[in-house]
Amino acid sequence: ASFAEAPPGDKDVGGKIFKTKCAZCHTVZLGAGHKQGPNLNGLFGRQSGTTAGYSYSAANKNKAVLWABBTLYDYLLNPKKYIPGTKMVFPGLKKPQDRADLIAYLKHATA
């Protein structure tokens, strides 16, 4: 199912998902720096593999996806299927509600 068919996201629930599943490798605050994964500030509208100061896989750079609600929704289902060769080891979020909640949080936290 596509993002257009996704349930409404809850940013507060999404924040909890971020803390438990994403924060080990990612930061969202402006200038927070990179961890194992890149800082996600300014994520929406940015092309994959272009965050300054982070060493991306060739796969991530070459995919050249523009991050938006719909592309993140598909990516977060199964990152390694969406971008074969990505360094991201996270297996994905299978539940549409979890992905919608996380995206709602990211839209708020990375703006």
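Yeah, the Cβs are placed from backbone N, Cα and C, and that goes for glycine too.
Between the listed residues K21, K61, K80, K87, Swiss-Prot assigns N6,N6,N6-trimethyllysine to K80, with no corresponding entry for the rest in that record. If you compare K35, K94 in Swiss-Prot, the N6,N6,N6-trimethyllysine annotation sits on K94. On a Cα basis, K80 (N6,N6,N6-trimethyllysine) lies 17 Å away from H26 (heme c binding site). A1 (N-acetylalanine) sits 27 Å from C25 (heme c binding site), counting Cα to Cα.
Most Cβ neighbours within 10 Å among the recorded positions H26, K80: this distinction goes to H26. Within its own chain, K94 (N6,N6,N6-trimethyllysine) has L77 as residues 6 or more apart in sequence whose C-beta sits under 8 angstroms from its own.
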